[in-house]
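Asker: Quick one: the structure is below, questions incoming.
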Amino acid sequence: CPSTLRKVCVSTKTMKFEDLITEINGFGRFQKMILCISFVGRFTLPCHFLLSNFIAAIPSHHCDISSLDAEGIFGNLSREQKLTVSIPAQEDGTPASCHMFSYPQFHLLTNSSSSSELPVVQCQNGWEYDNSTFSSTLATQWDLVCDKKGLNKAVTTIFFVGVMFGAVFFGGMSDRFGRKPMLLVSYISGMAFTLASIFSTSFIMFAVLRFFSGFTITGIVIVSVVLNVEWVDIQHRRLVSITGSMAWAVGSTSLSLFAFCIRDWRWLTVAVTSPLLLSTVLWWWVPESARWLIANGRVEKAHYYLHKCAVMNRKEEVISRIKPEALSIIASDEGKKNYSYLDLVRTPKMRRLALLTGTIWFCVATMTYGISLNITGFGLNMYLTQFVYGAIEVPSKLIVYYLLEKIGRRKTEAGAQLLAGISLMINIFIPKDQWVGRTVVAVLGKGFAVAAFCTIVLYSSELYPTVLRQNGMGYNSFLGRLGVCLAPLVLLLDSFWGHFSQTILCSVALIASVVAWQLPETRDRCLPETIEDVEGTHNRAHGSTGCPHAAENRENTAHY
């Protein structure tokens, strides 16, 4: 065997995909191409996930009194005088949003006494909206105000319920049919349902289409995250994970700019969906995961993509000496089985792993979106708050990139959760009139939350075996999106006590920090290929794993 291939063909017992991908350059031009293509698709995800901050916003409004004006009741009164005699004033002096006087109170023009004792009724002829900030939103489109204002929050929850079930669907389908075809399904169907929603003729129709938009678009992140990790070597997994997650930071920041320039909810939806058209074109250059193909016994196709990788990375001489039949050494009999979500709980260590990672995903998602969806609670302009929330992700992820190598995945995840919880705790004790201090602490909390989310995505993809990696990510994403669905409802609890939501978000962050300490470290470890690798039975039955870090992996397996 040539010396350059010694790692991949010393014997049938030592051949591992990790060795092979290293030989053909584990982070060459081929991997960078995959990363760039996935970046385009992932860019649009934060725009959709946080879109309701703008399209479901409720502008200032008051009862429409134009019918009274048309009847000539007001005579020559100015606009301010018409509002004074028709609508009771709130404590801040602005017209009430949901009530009007049962009949005009002309005496209020000369008597400044309180109008709180005067008879009022609910708005009789609709509402008049302040269009200085938004030209059109869901609230103005279907009058989702006053008794119906909760439907604006429901839009967010409905979307994330779709995301939640979509995560399970795409996770399972990607493990069954492959990463590449399901990525195309997500691109096309996500774009179709989202664009169809702007033609909705009723709120119910919009809500249904928004559900399916969330269901389909979530496949982009579920598939692309795993595809990126499965094509790189051990040394570059964190780089690929952090670089890919920068698409979220760019998208989140860009959303504020899109929303500032486009004030109509329909055109804003079109704008943030348009990158998917480019992603669909670029999909033709996306390779299938060779790791998945080998695990499923499709070695001919795996050899085809590995050859393309070697050619692009200028390592063609390496792959030319390896025949497709040799790749079957990597594919065990267990790897050819069809796996399902039930396999996550059939064996003890997989069951424990699913419980721990699922808890962390639920907690970190609840906390992160609880912060992200609250862009009007700190006294700053909502566009500026969204921009700052997005911008803080860049330094946060750069720090994570450094820490993942220096202190490992487990300490980074647990530490980020702990600091996020402390930030939320501090905000409970800062008076609400000190909005500068509250905003600074909230932004820091968002940064720590993003660091935790970024870490757990990479961490989870390294913990689950190849044959169950998409199922594992789908399961975790399901629980994460369940937390996101609850985040808008958690924010509503502030109506009972001003710090209720902050207390809950702080608690879940601290719980996640404790749970994260129970996971095994994966820094510089080979990815597990089968359930036996996780359970620790593979080595005993078949000898060495052939991983360059086999001894460390055995120690890691014991921690599972």
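Glycine too: its Cβ is placed from the backbone N, Cα and C atoms.
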Asker: Given the ranges 184-205, 470-491, which one is assigned the annotation transmembrane segment in TrEMBL?
Answerer: 184-205
Asker: So which range, 35-56, 211-232, gets flagged transmembrane segment in TrEMBL?
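Answerer: When 35-56, 211-232 are checked in TrEMBL, transmembrane segment belongs to 211-232.
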Asker: Compute the average pLDDT of the predicted model within the domain 'Major facilitator superfamily (MFS) profile' (100-524).
Answerer: 84
Asker: Which residues of the chain, 6 or more past the ends of the transmembrane segment (184-205), have a CB below 8 A from one of its CBs?
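Answerer: Residues 41, 48, 138, 141-142, 144, 151, 170, 173, 212-213, 215-220, 222-223, 266, 269-270, 273, 276-277, 279-280, 283 contact the transmembrane segment (184-205) from elsewhere in the chain.
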Asker: Mind checking which residues reach the transmembrane segment (154-172)? Cβ under 8 Å, same chain, six or more beyond either end.
Answerer: 48-49, 52, 55-56, 138, 182, 185-186, 206-207, 210-219, 222-223, 340-341, 373, 470-475, 477-478, 480-482, 484-485, 488-489
